[in-house]
């Protein structure tokens, strides 16, 4: 088997050549060249596929390949020819020698028995019994003994049966020549075969414009209108659409064009009659006649200037005149015969025929029969265009006058119109074509010197365009200013159709039309009109070339111009070496349309990728700041011509599409010099306005992979050039440069920057008075200083974008996890940023020790006040005042019912989104009755099995589960049958379908099967199997115990092809019960082949079928069953339409079935009964009354070629009806959730699992428990984090769930813990001194809160303070108030409080309320660090009862009010919102003071309820995948306008344009807050010295630069 040389040495190459003809040799050489290219060797895989075919078993094919001399290098052509000649034309003696060589030893002198048996096992799977006779005298034999034995035992094994027994089943040449599709179609129309071949190319190009894949009215209308009026477009479409399926197939368009342009006059009139017969009832009613007259008059006005009487008559008079003269039935309508008599001499009808004649040739692609017809068609079109003049937005094409004159002589363009009867419809009598002035004279004066010809359809240039490639070419979206949207633009450099100009052709009427000189012109040559390009760069546009300016080109002398449809027709008929499209634009000064001959010729530069220097390991962790030593090189990459009237946006979109670059990843710069570039970011400016002239350089900038912009990075690296960015802009509308996947940072910074009270704090410089450079857990003030500097730049109003180098450097220094070029989580960066700002600005320089006490049954107000006081004793800053709130965490022991309550600070709410626990699946059900398949939509559990899928589908489609067969269809065949116990997979190789299969029914007599009885039961237990050679079936009996109602159509035992060779394994029983599978198949013919078996290769198409089949099924029943299912795809014409407008000779449906059934293997390529060496494509199943014993084979539905091309509706294959469940399922899957549902889920109760058991202080052991989170107090600035990234089932996934959230008047008060009013009878407390660390609490009144329940949610970020966690929870992520929030759907629960039990406070005076806080960058967790810290927190001074109870739902609710030494001042450090009044009584050492009598009566006062109403002011959005994607920010400026911050780009946009679907972090601001109250007074305070901080940064940056 491993022979390295050919085993056919006994047959020379020269001898083999003598046995093949020259034609055969040329075909074999061409086939070899097509298959192997320029190589002289054919690989093994190619040999098996192209020469032998897929039907040959792989082991056998490998043996043949090696015996021919094939090696790892390949098989030489000479050896291939020798082998093919031996197999097909070799003598028996030569074949015997060949077989001997297969089994012989290396020396080739003898065959060893052991080696032969080994090879037979590989090839055949067994050793024949007769082999022992061959080796009866020894273990090896020579050729003579082997030959004698072989000729006596020709059926011994596969090779002998193939080559010596029964003749050769494959030949070198296949002489059979079945009629081609074109020949068949030519026989049923008046078109020649060449016309049909030419027309097919045009048809597929037109059909490719369809949005649905069908040549429907939506596609047809824009192609023909104009010049066809829209009122006639539908009628014209219906005239082509014979079978009324809203699709014009190629047969229909061929017959229609034949009837309209080439048929007898009566047939043409019949075609027009169909156009006007709207209701298709065979007559023209009075209404239809009126519409016809209106349309015909419009056609006349569009195409002629002649005056006719009908133009001055009343419509009713015209209609009545026609009826009076031609209504032979006197029933008020015209029959077809009446219409034909009227239209023969009517000029209106003749003019409509002329128009249809033009459209059919120019638009639909029919080639004119004579040059004279061609000239009249083009002339008529141009005359009509000349009356309209130039229309802005249309494209015209320039043609060299030299070629145009030659063409005009060829078609006799200037001669008098030629009347060709009756083959030409251009016979308008005296109203035929007049001798008007040249059609272009009226538009000649409007030719300008500029315009745009940018085409969004990519032009395909090729030196030689084959008919196959042209026919399959699909056009894009048409010209940018296309007159016929969707039409193709087929420009090629060379496509010359050379016909003999001196030949005789028969016209449609049999008259001889003699084509005499002048000669037919060649391809259109426009080269003399253009200049040679001095720049050698790829042109991105399709202008074809720059026209010469010197000498000046003159219209009519140097060039002619034609509209786009005429150009396409001429190009289709002649070809061209150069297309010169020029669009029509309106002059900006005169507003008159003109042709722009000389558009702007632009030169486009691209950045040359710079090699990145390996950074030092020391400094790479200090932020990815660009190196200043990497100059950016820009090189000329492309050229392009654009209209001076085009906008930057249009050019940007075109370049993006042409270069296949996302629009958001590309920018354009105006290049003035190496050091002076201008960003073209105003998309509405036109080139003319920007004064961009010819040969202007533009830079195409493309984002780096790390999302940074090369030009920006270059500017940053050379900081002296950044000054050019300093241009006036709106304050705050400044972008941030991407420094390498830093959009996550930019997005968070922009959100925080648009937090107005915080920004005013930094802009006013107050942060410099509060820098805490000694905080051990801070950043020595660097974070606050760098952020403050950046904010001042962002709000200076002098720069369009800045580079956050210092802040990026600082973040990377203190948090290396944010370093590198990887995408990060913007929420994590936001948490780090807020925490860093808080610690750097913390007014508490010496943090006291605090102890966290257990709630131990104490009232919530007391525990909350204690926790909040502890928090404030260690954390006070502008960040605490604005962003911090308080959460209530309750854990309840399920053993003893003990409740432990904790109150923890937060700086944003992290709400997990409910992960999709359902999958959306759409499945198509195909029934046996042939009805249109129906698509159903299902919503299944993520772990659902196919059993559940079938059950749900059964409820929808009405079939029993036993009748549903699920199959994965791929490549028009069934690839897999999912098992019921398998889990449903969304990702399959093909698409999932459900087939109806027959089910057992009560027995029916086998003697009376009907066409619809697919489940008839057998009356006998007989079934058939095949003999060992696969030739004849023989009956066997079913063993006892098998069901006798429905018997499998398989064999009990099947040795496929008589052998078990690994290619066709034996199957014990049919895998199908009561049915078989059928596949659609057609034969694809090729003229270049090696063996006859490969000339016609099978190709599967369409959807496979399930065909009922039992042992009682007749062969005719199989045909009936198949026809029932496919008849909708190939329906014959209705009887009344059998005689169509083209003389229809199609007999493809004349016989009973348009297909033949054959028995095939599963792959559908080869026969299931015949051995492989017969190269059988499938044994035919005759349509008779015999029983059909198919076995376990498949059935191929071999379509008759004529029926396939003329009747089969390919577009109907994928047509399905959508069940209402599809829309319902899609809606349910994509249905958004609202923010309230997320909050309800967040505040719902959940059970802690066994791995997160709670240590109960009562039980003194770990117990199961439930946990619940609630909101206690809310901050002025509420940040809501939608947790799209979650860790589920061991992997991180992103939720694409859409969350709907309010932009204005968001009220979260319903989710605050309701207070008990009975506990609100108290007096406010006063601090013991004037120090800020001793808070004073004022009573506040609060509104009633409706108690609402919620379901589980997820993490909440808390403070870095030691009060982070309950000490009772086991160290587990789920043990925290945050991570124990599950991400499932919410489960409603109820609270005990009623609306009437909401708290009120009795404070007498207006108090300034402390805002909730979280000062930590760490999430709530049960880590050991937090657990230990929580034990250290003692109970501090207890805050006032009123504030603790009543203000939780109000801004800063439940917060102790801190009073500065300056009474009545607004203290930013304390986060007060309202001015306070000092209260008389206080507390000492945490003990409550006495309540005043005055305060005790406050409960009688009217409630002053203040709701925490919020407005949205910023959104951070994430688009794309997990671990990548992109962040952008939408924020509201103080000018009340919304802006989109996309890294360095900042653009104003309408609020409706905000992409809320991808929202990730929401920023809300409470209504009515006074920013000034957050600004601390700096009188008497000293500003921190930050010079050393600046020096540190400069020093570190210089070290970095040196290392670069």
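Cβ coordinates are placed from backbone N, Cα and C, and glycine is handled just like the others.
Annotated features, as they stand in Swiss-Prot:
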DOMAIN    91-126  domain 'EF-hand 1'
DOMAIN    734-1567  domain 'USP'
ACT_SITE  743  active site, nucleophile
MOD_RES   1173  phosphotyrosine
MOD_RES   1350  phosphoserine
COMPBIAS  1367-1399  compositional bias 'Low complexity'
MOD_RES   1372  phosphoserine
MOD_RES   1376  phosphoserine
MOD_RES   1454  phosphoserine
ACT_SITE  1526  active site, proton acceptor
MOD_RES   1588  phosphoserine
MOD_RES   1601  cysteine methyl ester
LIPID     1601  S-farnesyl cysteine
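Annotated features, which come from Swiss-Prot, shown on the structure.
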{"residue": "743", "record": "active site, nucleophile", "CB count, 10 Å": "26"}
{"residue": "1173", "record": "phosphotyrosine", "CB count, 10 Å": "21"}
{"residue": "1526", "record": "active site, proton acceptor", "CB count, 10 Å": "21"}
{"residue": "1588", "record": "phosphoserine", "CB count, 10 Å": "10"}
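On the 0 to 100 pLDDT scale, the domain 'EF-hand 1' (91-126) averages 81 in this prediction. Reduced to three states, the DSSP call for the residue listed as 'active site, proton acceptor' is strand. The subset of recorded positions (1173, 1526, 1588) lying with their Cα within 10 Å of the Cα of the residue listed as 'active site, nucleophile' consists of 1526, given in sequence order. In the three-state DSSP scheme, residue 1173 (phosphotyrosine) is classed as helix. When the Cα atoms are compared, the residue listed as 'active site, proton acceptor' and residue 1588 (phosphoserine) turn out to be 36 Å apart.
Helix, strand and coil counts from DSSP across the domain 'EF-hand 1' (91-126) read 23 helix, 4 strand, 9 coil. The residue listed as 'phosphotyrosine' is 91 Å away from residue 1588 (phosphoserine) when you measure Cα to Cα.
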